[in-house]
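To start, the structure under review is shown below, and the notes come after it.
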Amino acid sequence: MSDATDPGWFPLALRLRGARVVVVGGGGIALNKVRLLLAHAARIDILAPRLEDTLAAWQAEGRITHIAGEATPDRVRALLPGSRLVYAATDDRAVNRAVAAQADALNIPVCAVDDPEPSSFITPAQIHRGPVRIAISTGGAAPVLARRLRERIEAVMPAGLDALARFLQAERAHVVAACPDIGRRRRVWEDFLDGPGGEAAQRGEHAAARQVLDHLLAGAQTGGEVWLVGAGPGDPDLLTLRALHLMQNADSVLYDQLLPPALMDRVRRDAERVFVGKQRDRHTMPQDDINAELIRRARAGERVLRLKGGDPFIFGRGGEEIEALMAAGIPFQVVPGITAASGCAAYAGIPLTHRDCAQSCLFVTGHARRDGTLDLPWDSMARPGQTIAIYMGVTALPDLCTMLVRHGLPPDWPAAVVERGTRPDQRVLTGTLADLPALARAHAVGSPALVLVGQVVRHRVVTPPPLSGT
């Protein structure tokens, strides 16, 4: 049969509690399979001349049974009857294939590890979250790819999935009794999972989750919620798992000017997008109107994502927004993000602290007041032994550098500007307080950009390019 017409492997779940499983082999290959089998409460007999250390410890604890000896045809033939599954897990392919042939002759499912051809079943890469089981298989064609896929899936699975699954399991009979109609029951579960009830269950707040579920069963509409989420400095790979989860579950998203398209692509595709355009003093939507819009949408039952660059509580006006939500009685969550100072500095190769020259780091905003002046703690800023990270400081960069020199820092004090930090088109300019404004102007540096001031700039590390062919 050609690869194009081969139907492949049929996935199914098998209950192994108390079932006898024979494993031939006592080394590292066998260990990986025995670990999985023990997690599913199988009764394991191992045929091998000797056991590696972990297997030997499990044998001493009575968790497995060891039949000492080589995998001769007679020994294998005597051991296999009555077993539910067989694993041929030695480091000798010929031995594994001989074991597989004997198991096949007895109609016992057998897996010759890393050798699909003689196997009647294979063991996929697995993810466990309580009652939830996810299996990923490439049909034995590419086990490393299956493991990589498992890692990616695990990365986006919410941490509370186990608690959610157990809650649903516990409430299933209650929902069936309260809602006999299958179609309506399915809609109740969908609304529960997509709303605050599912979120509460994931957090282990079962009383709150049960209250939401009972409201849905009674025909009530669930209330909305606002999520203030920090999206990090720009690279989508720097999103937290929690941020990504909420981005993919929001009904609507209010987002700012500086979020790159690659990051916005991670938002649920059918979510309504509302651009509020906050950038310095140019606002598509004033802050009071943003607050009102968040409240309006939440009261309409929406799960509203307020997506902000960096961290919502570091120069992001997140504090003002949650005060408005609290006053209106709107439930909310805050998800921190990697702030620009740490993200951009790391990608630029500039440490924020250094034992030799910077024992502290000061975050300030370069956003001028309405009259154009900078209201900053200049005496605290113009000190050696620290790093200054200046947010939104490009426009006021000449004044910032002038004032730092006026308050005591030397003109040749190191400084840098990181434009579009963490993104593919990131630029880093290094200089001094005396020449950085001219450098930034000559290179037409724009927002978003972060200014770093301090001796740490001289410790910048530039990552070398990868070697050819790697």
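Each Cβ is built from the backbone N, Cα and C atoms, and glycine gets one as well.
Remember, it's a predicted structure, so these values are computed and weren't measured experimentally.
Some features that Swiss-Prot has for this protein:
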ACT_SITE  D256  active site, proton acceptor
ACT_SITE  K278  active site, proton donor
BINDING   G28, I29, P49, R50  NAD(+) binding site
BINDING   P233, G309, G310, D311, I314, T339, A340, M392, G421  S-adenosyl-L-methionine binding site
REGION    1-213  region 'Precorrin-2 dehydrogenase /sirohydrochlorin ferrochelatase'
REGION    224-470  region 'Uroporphyrinogen-III C-methyltransferase'
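Positions of the features from Swiss-Prot, shown on the structure.
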{"residue": "G28", "record": "NAD(+) binding site", "CB count, 10 Å": "12"}
{"residue": "I29", "record": "NAD(+) binding site", "CB count, 10 Å": "19"}
{"residue": "P49", "record": "NAD(+) binding site", "CB count, 10 Å": "10"}
{"residue": "R50", "record": "NAD(+) binding site", "CB count, 10 Å": "11"}
{"residue": "P233", "record": "S-adenosyl-L-methionine binding site", "CB count, 10 Å": "31"}
{"residue": "D256", "record": "active site, proton acceptor", "CB count, 10 Å": "21"}
{"residue": "G310", "record": "S-adenosyl-L-methionine binding site", "CB count, 10 Å": "27"}
{"residue": "I314", "record": "S-adenosyl-L-methionine binding site", "CB count, 10 Å": "19"}
{"residue": "A340", "record": "S-adenosyl-L-methionine binding site", "CB count, 10 Å": "27"}
{"residue": "G421", "record": "S-adenosyl-L-methionine binding site", "CB count, 10 Å": "23"}
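Per Cα geometry, D256 is the residue among the recorded positions G28, I29, P49, R50, D256 nearest to P233 (S-adenosyl-L-methionine binding site).
Excluding P233, G309, G310, D311, I314, T339, A340, M392, G421, which define the S-adenosyl-L-methionine site, the same chain contributes G232, F315, G316, G337, I338, A341, G343, C344, Y391, P448, L450 within 8 Å (Cβ to the Cβ centroid), listed in sequence order. Across the region 'Precorrin-2 dehydrogenase /sirohydrochlorin ferrochelatase' (1-213), mean pLDDT in this model comes to 90. Farthest C-alpha pair in the NAD(+)-binding residues G28, I29, P49, R50: 15 Å apart.
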